[in-house]
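Visitor: This structure is in structure tokens; I'll ask about it shortly.
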Amino acid sequence: MEHDGLVVRTGPRVTSSNPLESISRMTRMPQPRSSDGADDPVDVLGVPEALDVPTIDSVMGEVGALAVGDAGEDPTHAVPAMAPVSPGTTTPATPAAPSEPEVVHPDGFAPGEWRGDRPGVVPPRPQAWLVALLGAMSAIFAVTVDMYLPSLPTVAREMRVSDATSQLTISFMMAGAAIGQLVVGPLSDRIGRRRPVLIGAALHVVACALVLLGSGIGVFLGLRLLQGVAAAALGVCAQALIRDRYSGPVAAATLSRLMLVIGVAPLFAPSVGGFIAHHWGWRAVFAVLAGCGLFVLALCWRMLPESHPRQRRQTGGIGTALRSYRVLFGDPRFLALAVLPGLVSSALIAYVSGSPFVLQEQFGLSVGQFSLFFAVGGMLLVGMAQVNAALVHRYAPVRIIRLALPIQLSFAVALLVVAVTGIGGVIGFLVVLAATLSFQNFVPPNATALALGRHGDRAGAAAAVCGSLGALLPAAISPLVGVFGGTAIAMAAVMAGALTLALLVVAFGTPAYRSGGWTTGRD
């Protein structure tokens with residue numbers, strides 16, 4: 001550049017963040033030549049002697065300032081050259097401060113940040129094959145429960161036990177699922193997601209295959225407990241994997257799409273299980289379940305990625321797991337979000353457990369008519385889950401929860417009114433019941449995604465708490481339908497009561513909606 005008629009060559013740009021290396025490079029710079037070919041006296045910085053140059057102390061100070069400014073930056077970023085020195089001064093002009101480079105995660109988002117709250121950034125969408133695989137992992141539990149249900153009377157008769165004892169085979173599996181989630185969740189935070197999934201799938205295959213060997217009720221109950229633990233390992237790791245790979249609206253949408261796979265299982269599993277038990281015996285049901293587990297094991301072995309890298313894993317043993325749970329249970333916002341799916345699901349389980357008696361015995365529907373309505377209800381659940389998957393990309397999930405839950409509660413209260421007064425008869429009852437069910441899947445996936453988002457560093461333990469509460473709360477609340485008589489009024493009252501509790505949790509325990517984006521609830 002020209003400076004008062006002189007051409008000043010400031011030398012090449014310094015690209016090293018090491019001040020000693022920078023000085024060494026500057027001292028090796030070639031001597032510039034004047035236009036007539038004579039050598040101009042030049043100092044080691046490449047500035048003509050005609051200019052008043054800074055002292056060595058100021059040079060060292062300038063280099064030190066540049067080094068300090070680069071301390072937190074990528075060493076590949078070039079350091080801007082010093083500005084020319086004005087004649088008659090001893091202090092060089094201060095260069096413009098280099099802008100701090102933004103630290104960005106390889107997928108385009110800052111580490112630990114919600115994917116859906118950066119303007120102009122479109123979060124990655126999960127591939128269809130991964131959603132299908134995670135859905136198969138999550139559906140193992142529902143299939144293992146529902147496909148076996150038609151065999152309960154046969155099991156009681158063949159093993160010469162009471163109906164209540166045969167029903168313990170369901171309770172033991174539910175208990176195994178609750179225990180398994182609490183154990184496998186923090187374990188997956190320590191060793192990754194892939195290994196617990198493979199071990200759980202293999203354990204499921206073995207536990208189902210051993211039923212074929214024949215055993216008494218005691219051994220059978222133990223095998224059902226193991227089946228619950230194994231199925232829980234697959235389900236809890238599927239949720240943790242979603243939190244590892246996605247967050248914000250994408251996580252909520254992915255969980256909603258899992259409902260499509262999980263929701264289909266209860267629609268067909270009882271019919272398939274009844275057909276198998278009728279033609280080949282109830283133990284053949286477990287042969288098919290072992291085959292399903294083997295199929296999922298093969299898919300996971302071949303296709304399931306490890307989403308929890310070593311550098312993010314927790315260290316330690318039982319103490320670390322207990323600390324994780326202490327942190328989770330010490331977070332009231334997390335607990336509120338984790339309780340919501342269980343309370344809303346309690347209304348659904350109250351319908352599932354009470355509807356056979358209410359619709360067939362009280363309202364006189366035939367088996368075929370009941371099956372048709374049950375299928376319609378299942379399709380509503382699946383379809384509205386996909387509506388939620390689309391909505392979360394446009395509206396904050398907390399806002400969806402706060403709008404959908406009061407509507408669902410209003411329909412449940414209307415259902416109770418219809419049951420008490422008889423307005424509309426059986427048609428009116430079925431229409432209002434279907435409307436209540438249609439809003440079922442707006443809360444659980446969104447609340448679960450929000451809960452997992454608060455503790456991404458311990459997603460396995462967080463998913464375990466959500467899953468356990470989601471199993472234990474319905475198990476505690478839904479039997480109230482039978483306690484209160486198993487009537488339409490009892491079923492509607494339990495559904496309305498569970499949804500009322502959920503609305504209270506939303507009103508006092510969940511984060512307020514912030515206009516303009518996703519809210520994590522960290523306020």
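Glycine residues also receive a Cβ, built from the backbone N, Cα and C atoms like all the rest.
Grabbed the feature section from TrEMBL, which reads as follows:
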REGION    1-41  region 'Disordered'
COMPBIAS  13-25  compositional bias 'Polar residues'
TRANSMEM  128-148  transmembrane segment
DOMAIN    128-514  domain 'Major facilitator superfamily (MFS) profile'
TRANSMEM  168-185  transmembrane segment
TRANSMEM  197-219  transmembrane segment
TRANSMEM  225-242  transmembrane segment
TRANSMEM  254-276  transmembrane segment
TRANSMEM  282-304  transmembrane segment
TRANSMEM  334-352  transmembrane segment
TRANSMEM  372-392  transmembrane segment
TRANSMEM  413-439  transmembrane segment
TRANSMEM  459-481  transmembrane segment
TRANSMEM  488-508  transmembrane segment
Visitor: With CB pairs under 8 Å as the measure, which of the listed stretches 413-439, 459-481, 488-508 comes out on top against the transmembrane segment (334-352)?
Guide: 459-481
Visitor: Tell me, please, if the transmembrane segment (413-439) and the transmembrane segment (372-392) are in contact, taking contact as 3+ Cβ pairs under 8 Å between residues separated by 6 or more positions?
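Guide: Counting Cβ pairs under 8 Å (6 or more apart in sequence), the transmembrane segment (413-439) reaches the transmembrane segment (372-392), since there are 3 or more.
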Visitor: To what whole number does the mean pLDDT across the domain 'Major facilitator superfamily (MFS) profile' (128-514) round?
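Guide: Summing pLDDT over the domain 'Major facilitator superfamily (MFS) profile' (128-514) and dividing by its length gives 84.
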Visitor: So if I exclude everything within five residues of the ends of the transmembrane segment (459-481), which remaining residues of that chain have a CB under 8 angstroms from its CBs? That is, six or more out.
Guide: 171, 174, 177-178, 181-189, 193, 232, 235-237, 239-240, 243-244, 308, 321, 324-325, 328-329, 334, 338-339, 341-343, 345-346, 348-350, 352-354, 444, 448, 451-452, 490-491, 494, 497-498
Visitor: Are there at least 3 C-beta pairs under 8 angstroms linking the transmembrane segment (128-148) and the transmembrane segment (282-304), leaving out pairs fewer than 6 apart in sequence?
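Guide: Answer yes: the transmembrane segment (282-304) meets the transmembrane segment (128-148) with 3 or more Cβ pairs below 8 Å.
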